[in-house]
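According to Swiss-Prot, the protein has these features:
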- ASP455, ASP461, GLU464, GLU465: Mg(2+) binding site (BINDING)
- 40-158: domain 'tRNA-binding' (DOMAIN)
- 402-477: domain 'B5' (DOMAIN)
- 702-794: domain 'FDX-ACB' (DOMAIN)
Amino acid sequence: MIITRNWLKKYLNLDNISNDQINVALNSLGFEVDNVYDLNSLNSELVLGYVEQSKQIPDTHLKLNKVNIGTKSLQIVCGASNVDVNQFVIVAPINATIANGLTLTSKKIQNYESQGMICALNEIGINQSVINKEDQLKIYNVFDKNLDLKKYLGKDVKQIIGLDDYLFEIDLTLNRSDCLASFQILKELANYFDLEIKNYDNKFNDFKENDLDLKITISKKIEEQIKTISYSNFVLNNHLNKLDSIDDIFLKLNQISSTNNLINDLSLLSTLSTAQTHILIDLDKLKSFNLKLELINHNDKELLCLTSDNQIVNIIGLQTESKFSIDNNSKNVLNIMVNIEPNLMRKQQKLLNTSNINLQRYIKPINPNLFDLANLNLTSLLNSYNLVNKAYKVKVLKQTYKNKTEFEIKISEINDLLGTNLTIDQIKSLFKKLDFKITNKNDLLTFNIDPNRIDISSKNDLCEEVARLYSYDNIQEVALSFTSFKKPKNLNLKLENKLTNYLIGLGFNNTKTYSLTTQIDAKHWNLFNISDFINLLSPLSNLRQTYRTSLSKSLIDTAIYNHSINNKELKLFEIADIYNLNQLKQRHLVFLTSHHIYKNGLTHQLVENNFYYNKEILESIFDLYNLDFSQIKYVNNLDVIKEIHLYINATIYYQKQLVGFIYQLNPKFESENKLNKTFVCEINLDVLNELKNKTIEAKTLSKFQSSSRDLTIEISNDLIYQDVLLKAISDVKYITSSKVVDLYLDDKLAKNNTKALTIQFIFNDLDHQLTEAEINTEFEKIISNVKKMKVVIR
């Protein structure tokens, strides 16, 4: 959103307010100012000129022009195709520096002395993207219906066309979509600086009763997504199809291309002010006043359109189709205003693959009941160009949205929530220039909300608005105080909820599977050595006969089913209980990953699933339970069921108690069931709850840069990695952490009952920045310790 100082000056007295103050105000009010632009400084000198003579230079595309700049006439050679006599133009005289960096000098072109330059807009700082293609190579003709431009020859043309302006480019949050109407930002600044808004009510007031019998039928498919439909109409006087330069430049400064149609351009100016879009139609071109709003298949896209007799009148978000659009001869103009569910319009924008002033407002949550304000503003703009012969009131065809405009809240509630001691008078003064009305009965405040503020829907929103206007910087920082209540504690449940949220945050899907399985599977998948199975006396099926003894098989079956329906990128987890006849109730977690763990649809970047990704998730869970990692042991088990990979598996122990298992499925089993590479981890949460460290210790973080060293070793499968690691780092200083970053297996290693591990060691210190010499000394100790264990270093 762009706001300019000159536009604000039309309504506010800014004589004592600088651009920096406006910048600070906008940021203080929560409107982040991304950029500011001082247009006046782009060009050192530009004056208004009048082309008195223009002659073609033989055998060239150039013209020799005599340009009157008031005190004298200049001879200027110009190559623009549209330069001609009787034009008011922008002239950069000799020694002037213009926005494209060119400093003008007197020089000869085709043996003719050229004493300056007649300028096009893209040469003086206007973005070429908002200049129509046919105008990009043309000089700009200055026009103003209210000025006798001959009296201004030689004067600063920047003031005449609005290039002496200062721009504020504002980033709006979604909840402040109302400020897509510049009138809303105007009110915010008036309130901030305590200024009276002038000329705001200087509007057209001679509206006639609307007797036009127009019907717009809404397709049932989209009926609930259309919030409001209304219309008005105008009878126009004869008119020139030319926008004043100051208005034309203002549109371009707002990144909007003018349409070369005066009425359409004025509607765009109105939309900037009110945020309500206008669909303008030449009434005389309509054969029927029965229109329809429906989804139409147009160019193989299902687009929301306004139609008449099965002909598209307007694709919502774009200009009216030429067959029905207004032109220089239009006398009777229909103005349709709609408000549509933003989700539908976001889909429309995606299909149209474009962005414009109308679509930018259709896709945002804006007050659906802006039609009266918008019609008034558009009519006033038309009237300022002496275009209005008759103007008619708005007729509303559909209005489902009702503004919630009133809230009651006690002053104590506001102060308690914000930590302030505001009085009723102070709160009233915060909203002095805004369209809020505040009354009170004793300490009960009644707020009548600005109907444009549809983001305020609760008391908390209202308190946030008070804080914003009061300024967060003015709210004293006070440490939180807690009142403790004696409540039964269930730390285990809290940890489980955190665990669930953690996995969901990683992209896992929470699943629920059958607790009953076959008796054979219950025995085969009895990883945790559960005894005394629970068998149903009268099972409905042999497939659902026995309570399961682990969760793994259920999740693997879920993965197999998903692969069969081509859903292969899987992250699944389940938390459930295991039972037996001896009143055992064991809480288990199982998670499964299959195929790629990361897939970027845009760049086609893929990251393959691997053991260490799953192990890292597991260790994050251990960290949640505050376990001592030095007490965790991973033991490779060669005596596993056939569905589990013989080498890529580990039985997990903590303080010598069985915690669970982590493994890859056997490639043969994966192939038989058309699974991609799949890893499974199942752990007993009851063991974690029993052995967790309830004492949370705050550790000092080093402010110095850490360094790492990698070491690759060949280790026997008979050795326990944790034991090897503890011996390796014995008496080594500055170690903050270590982890396995790679595992390698080949036929030779497998034959020797070994595997290759790459371990990464992280070094740091709390007191000083470690030198390379210190790190290398300690790393040599690790190497020495490893060699003492007769472990091969690769």
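The backbone N, Cα and C atoms fix where each Cβ goes, glycine too.
The record gives ASP455, ASP461, GLU464, GLU465 for Mg(2+). Within 8 Å of the mean position of their Cβ atoms, the other Cβ atoms in that chain belong to ASN175, ARG453, ILE456, SER458, ASN460, LEU462, CYS463, ARG468. The most densely surrounded of the binding-site residues ASP455, ASP461, GLU464, GLU465, judged by C-beta neighbours within 10 angstroms, is GLU465. Mean model confidence for the domain 'tRNA-binding' (40-158) is a pLDDT of 93. When secondary structure is read from DSSP and collapsed to three states, ASP455 (Mg(2+) binding site) falls in the coil class.
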